[in-house]
Amino acid sequence: MVGGNESSVTDFILVGLFPEFQHSTVLNIVIIFIYTLAFLGNILLIVLIWGDSRLHTPMYILLSQLSIIDLTLTSTIVPKMASNFFTGKRTISWIGCGTQSFFYLMLGMSECLILTLMAYDRYVAVCNPLRYPIIMSPRFCMHMVFGCWIGGSISSFIHTVYPMHFPICGSREIHHFFCEVPVLIKLSCEDTSVYQLVVVVTSIVLLVAPFSLITVSYTLIFLTVFRMNSVKGKKKTLATCSSHLTVVSLFFGPNIFIYMTFTSSHSGEQDQALSVFSNILTPMLNPLIYSLRNKEVVAALRKLMGKCVVS
């Protein structure tokens with residue numbers, strides 16, 4: 001086992017990101033660079049939202065939660081991956097693997113629910129603008145945010161504890177760069193087809209149902225927008241909605257493929273490629289998507305830069 005006497009018989013071995021790739025050092029440096037951009041971009045977006053009173057609205061509160069999720073998600077995966085690669089120690093303890101899997105699932109599930117709330121927020125703002133302050137009150141918004149985190153935590157706990165107790169009779173090599181339920185299932189020498197079916201059913205509830213609600217919300221939004229007389233109002237609404245729809249597509253596409261198909265139907269390379277896209281690249285793009293086409297965020301950034309210059 002890699003690591004010699006330093007590793008326990010219960011430790012797992014993370015093979016890493018595309019281990020057969022010839023230029024793995026360059027690849028890992030690029031991933032670290034993307035992680036740094038994602039980290040700084042999301043920190044900046046959180047500071048802008050929390051620091052500017054004009055952005056203390058439900059839409060931006062939810063956007064700040066999305067940034068917190070992206071920030072924590074990348075930090076759950078990339079530092080350990082980079083440490084393993086550059087130190088040559090590829091092991092991860094049983095507890096470490098379970099912890100990483102728990103946070104990954106919790107953040108992913110919470111993000112799914114937050115994105116659904118963001119779609120509902122836009123639906124109320126566009127289709128019921130007069131009732132928006134009443135429906136999307138700060139109290140209601142905070143309750144829904146806490147509900148997203150609690151729901152994600154409970155579901156993640158169940159789907160972390162159960163598969164971690166599957167017996168592993170052979171190799172403890174995880175052909176991935178972090179601990180994730182689908183790759184852990186592949187290590188078990190027990191028939192996991194029933195549990196995999198449970199994962200698919202859970203994915204329908206936590207992925208397809210929210211995605212369907214988002215689709216319905218935006219269908220109603222677009223029907224309302226097309227009936228608007230104001231060209232300026234149309235452009236502003238479509239700009240905000242297009243940003244959210246882009247993020248929704250980047251999140252739901254890869255995750256539906258990974259979690260709504262049996263693990264035997266896709267290769268480790270496919271899982272890794274989709275994970276890099278969904279969990280590392282997308283968190284870097286989200287702050288750019290929401291800031292470049294958002295006048296309020298750009299104005300808050302200019303205000304912050306002005307303060308820095310004066311200081």
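For all residues, glycine too, the Cβ spot is worked out from N, Cα and C.
Residues or ranges marked as domain 'G-protein coupled receptors family 1 profile' in TrEMBL: 41-290. Summarising the annotation, TrEMBL assigns transmembrane segment to 26-50, 62-82, 102-120, 140-162, 194-226, 238-262, 274-292.
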Chain residues in Cβ proximity to the transmembrane segment (194-226) (below 8 Å; excluding those fewer than six residues from its ends, i.e. six or more beyond): 109, 112-113, 115-116, 119-120, 122-123, 126-127, 155, 159, 162-163, 166, 181-182, 185, 234, 237-238, 241, 245, 248, 252, 255-256, 259-263
Cβ pairs under 8 Å between the transmembrane segment (238-262) and the transmembrane segment (102-120), at least three: yes
Contact set, same chain, for the transmembrane segment (102-120): CB under 8 Å, 6 or more residues outside the stretch: 59, 62-63, 65-66, 69-70, 72-73, 76-77, 144-145, 147-149, 151-153, 155-157, 159-160, 178-181, 206-207, 210, 213-214, 217-218, 244, 247-248, 251-252, 255, 279
